[in-house]
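K.L.:
The structure that follows is given in the form of structure tokens.
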Amino acid sequence: MSRTLYDKLWDDHVVYSEEDGTATIYIDRQLLHEVTSPQAFEGLNLAGRPVWRISANLAVSDHNVPTTDRSEGIADPISKLQVDTLDQNCDAFGITQYKMNDTRQGIVHVIGPEQGATLPGMTVVCGDSHTSTHGAFGALAFGIGTSEVEHVLATQTLLMKKSKNMLVRVDGRLQPGSTAKDIVLAVIGKIGTAGGTGYTIEFAGEAIRNLSMEGRMTLCNMAIEAGARAGLVAVDETTIEYIQGRPYSPKGPAMLQALQYWRTLHTDADAKFDAVVELRAEEIAPQVTWGTSPEMVLAISERIPDPEKERDPNKRSAMERALEYMNLTPNTPLSSITIDKVFIGSCTNSRIEDIRAAAKVVDRLGKKVAPNVKLALVVPGSGLVKAQAEREGLDRIFKAAGFEWREPGCSMCLAMNADRLEPGERCASTSNRNFEGRQGNGGRTHLVSPAMAAAAAIEGHFVDVRKIS
């Protein structure tokens with residue numbers, strides 16, 4: 001019987017199935033951070049339970065850590081408590097953790113793949129929505145709640161039901177200036193934020209095969225924003241090349257054995273999907289979100305839509321509310337929208353490829369951050385990404401242009417640390433969510449690629465990076 005990649009991953013991890021379709025699934029890797037783990041560890045302590053498989057867990061503080069000088073510690077008492085609690089719990093249970101001043105510290109969805117802790121064929125969970133990132137490796141990866149974090153710590157299993165299969169095929173070749181971020185925003189714009197509900201999405205096609213692992217991680221990271229349970233990309237030589245030699249990856253005979261299995265992790269030629277979505281890569285322009293949902297997105301060459309032209313009353317109402325919150329007028333060209341702050345970072349776009357792309361634009365433009373831009377942040381996804389960028393001199397390019405070069409962490413992706421928007425401020429952000437208040441109460445978020453964010457910082461408004469010679 002022919003199977004999809006998702007079918008194979010599911011079948012390989014079912015421990016027991018109920019008649020109603022509920023299955024006990026074995027979990028290979030759990031990633032932990034300071035926000036969703038304290039109550040899980042407390043549950044273990046209250047019940048007197050040990051961690052079932054200590055080596056299957058890897059922890060890091062990322063959401064609440066400061067991205068400025070860390071020698072003073074964490075100023076906010078709640079943030080400090082969460083970080084200290086993770087430190088204490090990991091020490092008590094013997095779980096490997098990259099603490100705040102460890103050079104390997106960073107955003108959980110950056111450090112997992114970077115360390116080789118995410119491998120093809122694995123089930124990977126974390127108490128974080130964007131765990132879908134790890135599906136780029138042909139792994140079944142998804143976010144879970146705190147009670148489920150405790151359940152995995154205690155049993156290494158989860159109860160769940162199988163999703164349906166969706167194929168998103170992107171054939172053709174991307175135009176110069178368009179990126180993986182633009183692909184996934186275009187997909188969400190096409191199917192909506194509920195389009196993937198009940199599905200696991202597999203991304204395939206020529207354009208996907210031509211992406212680096214960093215690009216594939218960006219795609220899968222935002223599968224959740226399309227409503228999907230998880231995102232997947234089949235294993236190929238790009239995957240294997242990325243994994244080899246990393247600290248957690250297999251070595252010697254174990255690697256040879258792993259490769260035999262990994263090379264089976266693709267959808268069979270005649271396997272059937274429950275839904276298929278197709279896009280042409282050459283038609284995907286650089287994207288900019290204009291509203292308060294990732295599905296409210298358009299090509300940079302377009303104008304803010306007019307709610308009066310929307311026939312569906314519910315959609316029209318949502319558009320009107322979004323435009324009011326974003327303080328935008330229908331028919332305004334996206335390229336004329338001025339911005340107050342720029343954020344280059346997050347688990348979506350903070351890897352070395354992203355930093356290079358942004359630095360290339362800054363270097364090519366050869367100017368400083370625009371006077372109307374109050375703050376332009378570059379926040380590498382990990383200490384190792386930061387060190388690599390500094391070896392390449394990328395930090396000097398940013399600092400010379402007036403950007404701030406920060407320490408790794410989640411930073412301005414969400415208003416949970418010192419990096420945030422003030423009410424009414426407008427931000428060009430490489431993160432994944434543009435909900436009301438996501439980056440700070442009253443803050444207005446536009447999601448873009450690293451290149452688009454860098455160009456907006458220099459010009460003071462959105463520009464089409466395809467026109468930057």
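Any Cβ shown, glycine's included, is placed from N, Cα and C.
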K.L.:
Return the residue out of CYS347, CYS427 that Swiss-Prot annotates for the same [4Fe-4S] cluster site as CYS410, CYS413.
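P.N.:
Record source Swiss-Prot; matching candidate: CYS347.
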K.L.:
Other than CYS347, CYS410, CYS413 themselves, what residues in this chain have Cβ atoms within 8 Å of the centroid of the [4Fe-4S] cluster site's Cβ atoms?
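P.N.:
Filtered neighbour residues, in order: ASP62, HIS63, ILE107, HIS109, HIS130, GLY345, SER346, THR348, SER350, GLY409, SER411, LEU414, SER431, ASN432.
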K.L.:
In sequence order, what residues of the same chain, 6+ apart, have a Cβ less than 8 Å from the Cβ of CYS413 ([4Fe-4S] cluster binding site)?
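P.N.:
Listed in sequence order, they are PHE343, GLY345, SER346, CYS347, SER429, SER431, ASN432, ARG433, ARG438, GLN439.
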